[in-house]
Each structure stands twice: as C-alpha cells, then as structure tokens.
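Chemist: The annotation pyridoxal 5'-phosphate binding site is assigned in Swiss-Prot to 75, 76, 155, 183, 203, 204, 205, 243. Residues or ranges marked as N6-(pyridoxal phosphate)lysine by Swiss-Prot on the basis of sequence analysis: 206. The feature active site, cysteine persulfide intermediate is assigned by Swiss-Prot to 328, with sequence analysis given as support. The [2Fe-2S] cluster binding site feature in Swiss-Prot is assigned to 328; the stated evidence is sequence analysis.
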C-alpha cells in the first residue's frame, strides 16, 4: 500500500494508464504529431482524424452530436466561454443571470466580472442539504433573465442537482441553461437528448484524463450562440481559437470512452467503499455529514468533526491525501464558502474534511483510513479544552471569551 493514501479524487484524478499509453502515440516523430489544421499533408490529416475520433468519443459520453463539442483548456475555460459567451451575445435580450452561492469559483468569479460590466446576477442560497430548491430558482427568474448556471455535482459536498427539472423550467421560460459538469461528466450518466441543458462544461483531469484539456457542449437544436472569448485562427467553428493539442484531445476522448464503458461497475465499487468509510467513522461522537445523504455522488464524503481544528486534523491525517474545501481555495484559511452557505458556523466549517474516492482506491486503503481517522480524532480531542468543556456539559455558545 502506497502512502499517503490518495483520497482527493475530486481535486484531480491520476491519468488512467490506458489513456497515457494512447496519448504517447501522438507526440513524437514516431507517432502522429502533426497539426490537425494542416490540410496539405498526411501528418495533418492523421492528426485531424484522431481529433475527430476523440470528438465523437466525448459526444457519445453525453449522447450529443460531435458538432456540439468544442475543445477548451479545461472546465474553467469552458465556464468562462459559456457564461461570458452567452452574456455578450444575448445582452440585447436581457442582462440578468442566475447562479448559486455554492458554485465553483470559475463560475462565481466569471459572474462577478459580468457584474462589473453592467450585468445583474442573482446568487441563490441552497437549502441546508446543499441543494437549490426549485421554487427559489423559479422565483428568481425575470423577463430579462438570459442564463441560469447551476452545477451538476458540487465539488466540495458532492450533492447532485436535479438537472432534468432545472432544464424543463429554463426551457419553459426561454432561458439558456448552463451546467458545470466538471465533477459529474464521466461519473454520472448525462443524456442531452433527454435533459434540456444547453451548455455543459467538461474537465479531462476529473475523469482520469490529462490536465489542461476540457470541452464545452454547445447545443445545436435549439441553437445556442456564443461570442468567442479567445481570438485567433478561428478553430473550433470560431468559438475557440488555438492550435488543437492532439495528444491531450486523444487523452480526453479515450478517458471519455473508458468512463462510458465502465461507469456502472466503477460507481458500484466506489459507492461500496464510500459506505464502508462512512460506516467506519460515523460512530465517532459529534461527527456530521455535510450535504444531502441520498442525492449525492457515490465517491464523495464531506464530514465535520466537531471540536477539532481542521488544520490540525489535516496535519494528523498526514497518511491520507485529503482536503478541507476544494483544492482551488483550500490554500486560504477562510472557512469553506460552500459550507457556510449551508448554514454551518465557522468552527464546524473549519473542522470539515472532504474525502473523495475513485477508480484506483482499494479496500485496504479504506481500512487504513478508518483506523487513522479514528485514532487522530481521539488524540486531538484529548488535547482540546473545548472538547473537555463540551463533555462537562458547558454550552460553548454561552461562554464569554476574554479579549486580549
């Protein structure tokens, strides 16, 4: 067993060896290294064919048409292109956008930028289970609303939104629906023929593909128009200029094909391991799960251990690669804005750990994790005066702390 045990699959996934092997065939002089836009010789044609195959593989994953897939550098760029692209193209129709307070920073900061440009954004509060109630979404809709951007699976707490219902509501009001599927593409079934979603952001490195590659699904019927955010040679039907990185695109395609074929068996095993982990630690006193218990992705577990300081817990769990909050914001000492939006106080938000399980997690690793967590919590609480006061029946909210 390799230490530390990797339980941070929501931050990134290792590249599947089958994907890496395929990618290597598209880099060197011995392989297919040409520019897919070189139309005058075989090197270019072969690269273009590889890109076409990968585009079809990504399209198949979500049951889309290959012409609806635009390659980007990742989900952050896809989110930017979708939200800014729609806002700039449809701004004559309206300047109101709806999103939620628990979105990824790539969505929130893009919306903040649009606010500076004169757009109005409504940030919806989730319920305490982390899910946006449909009535709140409907109540926020106005005649000048042009876009709703709601994530499929939350990156910190793993809750799943009812995208079918959101899609129906948006379509009935003539509002474009963008979904950030960084955490769900390749892990949960998505069918654009069945779900009325107009734009989908996809990330390669969240589904055992390489970092630095992603895609944006852009619906053709009814047709969604975008204003490009990256200008140049007019690649990707004018929506995203820049030479296509063949090896990364091939990697994304292969990862998508593997995910589609193995999703059901992967999820069954991952779900079993997650339940084993939760059943192994839920007996620890004052331990709470964050986010809805049933409407959640099988690989995700966000747990608060009350009366334990999150940072010291992270240090104690040095044999486990886990995170507090998302990787994109965990470097800051601010408590998770996602957990705060659920109504957790600073202390509870600070004492939370995100465990995320994936394709290469083993039973043995979960057993070791349970043991490590249990021992660490016991040890840290032994040293904690707050825990002692709590055990003595003192209500810590009533304590008057001396100010220095």
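Cβ atoms here come from the backbone N, Cα and C positions, even for glycine.
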Chemist: How far apart, in angstrom, are the most distant Cα atoms among the pyridoxal 5'-phosphate-binding residues 75, 76, 155, 183, 203, 204, 205, 243?
Modeler: 30
Chemist: Looking at the binding-site residues 76, 183, 243, which ones sit with their CA no more than 10 Å from the CA of the residue listed as 'N6-(pyridoxal phosphate)lysine'?
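Modeler: So the list reads 183.
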Chemist: Near the Cβ of residue 243 (pyridoxal 5'-phosphate binding site), how many other Cβ atoms are there if near means within 10 Å?
Modeler: 12
Chemist: What three-state secondary structure does DSSP assign to residue 75 (pyridoxal 5'-phosphate binding site)?
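Modeler: Where residue 75 (pyridoxal 5'-phosphate binding site) sits, the three-state DSSP reduction gives helix.
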Chemist: When you measure from the Cβ of residue 205 (pyridoxal 5'-phosphate binding site), which residues in the chain that are at least 6 apart have a Cβ under 8 Å away?
Modeler: 12, 13, 15, 74, 211, 212, 213
Chemist: For residue 75 (pyridoxal 5'-phosphate binding site), write down the residues of its own chain that are at least 6 apart in sequence and whose Cβ falls under 8 Å from its Cβ; none is a fine answer.
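Modeler: Non-local contacts for residue 75 (pyridoxal 5'-phosphate binding site): 104, 106, 180, 181, 182, 201, 202, 203, 206, 214.
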Chemist: Around residue 203 (pyridoxal 5'-phosphate binding site), how many other CB atoms lie within 10 A of its CB?
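Modeler: Looking across every protein chain shown, the total is 29.
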Chemist: Hey, of the recorded positions listed (76, 155, 183, 204, 206), which one tops the CB count within 10 A?
Modeler: 204
